[in-house]
Each structure stands twice: as C-alpha cells, then as structure tokens.
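One structure is given here, and the rest of the page talks about it.
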Amino acid sequence: MGCNPPYLLPYRLRLLLFFTLCLTVVGWVTSNYFVDPIQVIPKAKVFMASFYKVIPLGKEETLVHDATMEKVELGNCPSVSPNLRGQSKLIFEPDLTLEEVQAKNPKVSGGRYHPEECKAVQRVAVLIPHRNREKHLTYLLEHLHPFLQRQQLDYGIYIIHQTGSKKFNRAKLLNVGYLEALKEQNWDCFIFHDVDLVPENDFNLYTCGDQPKHLVVGRNSTGYRLRYSKYFGGVTALSREQFFKVNGFSNNYWGWGGEDDDLRLRVELHKMKISRPNPDVGKYTMIFHTRDKGNEVNVDRMKLLHQMSRVWKTDGLSSCSYRLLSVEHNPLYTNITVDFWTGV
C-alpha cells in the first residue's frame, strides 16, 4: 500500500509533457508578436533609403522617373503656315528705336528664333550686308522678325558690317556671312538680303527649294515691276549646297552694281534655273536713300562679268580673305564686323 501503482507514473509524465508543450507554443507566438512587429518589404527599404539620402542642391531632378523627363517630339511645321496674313501696309515711324523693336520680340535672342508649336522644316540664315544704314536696319528688323515668325521658320539674322574706308563690297560681305554663319549652325538655306528692301507679303516664303529663288519681283520704286528680265538682285535664296556649288559671289565687285548678275551667270553656268514667286506676292517696299559715299557705281562691272566663266572657280568662297574684328550676339541680330585690307 505504501508504493504508487506502476501505471500512475506514465500518466503524470504525459501530463507534464503536455503542459510543457503548451507553454512552449504560447511563448513562441507571443515572442513573434511583440518582437520586430514591422516587417519592411524590400521596396519600402529602397524608398526609405532614398528618403533619408542627402541630395545636393540642384540634383533633385535625378529622383524623377526617366519617363517623366521625356520631351514630347514635335511634328513638322506645315509647308504653308496658318499664321500668314498676306499683303500688309508697311508703316515706318520716324522715331523708331532698336529698343522698341526688341521689346516687340521677346523670344528673339542673338537674332535667333524657332517656333515652339512645331519643328521648322528648314533652318534659315538671313544675311544682310551693312554700312552706315542704321535707320534702314531698324525698319527692316521691325518688319522682318514678325514676318519670319509667321512663316514658322527656325531662323537667324546676321548683319555683316564692313568697317574702314575702302569701297563697299556687298558680294564679299555676303561670302563672309555665309562662312561665319556656318560656324554657328549648319544652316539649310541662305537669304541674301539688301538692308533697304522690306517684304510686303508674308506668302513670299523665305525658304529654299530645288532651284535658286529670286524673291524681289517688284518694288514700289519701279511700280512693282521687275527691273529687267534677268534681274537677280535685292533678295535671293540659295541652299547651302547651291551657294557652295557656284563658289559663292565674286570678291572683286567694289562699289555698286554687277555682283548680282555675276551670281546669276554662275547659277546658269551650273544648269540651275531661277524661280520667282507670283508678282502679287513678291512685292517689296524700298526705303528711299541717296547713293552712299564709298558705294559709287562700279565702272569695271561689265569687264568683270565677261571674265566670270574663266575665274569663277578661283574667285569666290574659296578665295574670300578678310580680317574678322568681332562677332557680337545682339538681341535682334548677330553682328559680324570685318575689314578688307586689300582691294579698291
């Protein structure tokens, strides 16, 4: 009677093991509940690391997803702009200043402009030879900038200024403009533009085609009639390749006259045909002026014209020598100042 029955010990042992197992399970559950309650997923870890990372000023945009930085590709501008107005009545205010013209063209810098709503089909450089014509230049810029903007052109205006006392050389200045402008931009089209001619109709497109273009069909000073059938002066348009092919203008026309006919002969020599706009479109106002000192009539022009076919390969872009004094990017135009130390 003093000893426990042999079957009672296994029962108590089983009961003890049961309670021990229960306590173990409870301890495991509670330890996982109270210890490390927040499980940070990998993406959250990356976000938190980026959040606390020190970013130098000006570098915040590097956190923006690349897709948000992509610029929407613009479509090409139409061949004929919807902004054209046609014939305009030109007004020239006697007290107009360059500052006033600049205020009207806030999006122009260094004479450069491009449309924001579409991609221009051509890059156009307008080259204007100049000396002592500040008022004419102001009038031309006043009308030419909005004229070109309505045509939705990617353009730049270059004024090529001849300093010194030698006779004026329009053709050589235009060669200089072509060479210097190409150092800044690979222009598709070049407009060779007299400073005293202002276009009246913006359907007269300042672009280049398969053939050279003569844009001045008529002007007020000639009753809006063509000066003569083969006239190729005033304002002309040649592509980069066309002008290079004929070796540009001759450099030997000092004073007034002959250089535009020389260029026409070069164009014809290369079997190119000159096109013109409709007479109602190719109309210009010529701002009145007297003959400039240093731009007297070139009495040798006919002799030079007869030499063209023999000398065109060696007289032109390939032989254009000049001293470049400065290139200034003014708000309304880029001014290129040169000196010709040889010549008349």
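Every residue number used here counts from 1 along the chain in the order it is shown.
Just so you know, glycine gets a Cβ as well, placed from its N, Cα and C.
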Of R219, R225, R301, R310, which one shares the N-acetyl-D-glucosamine site with G258, E259, D260, D261 in Swiss-Prot?
R301
Please identify, among the recorded positions N169, V195, Y224, N335, the one with the smallest Cα-Cα distance to R301 (N-acetyl-D-glucosamine binding site).
N169
Helix, strand or coil by DSSP: which one applies to Y224 (UDP-alpha-D-galactose binding site)?
coil
For N335 (N-linked glycosylation site), identify the closest of the recorded positions C118, R131, C189, D261, judging by Cα separation.
R131
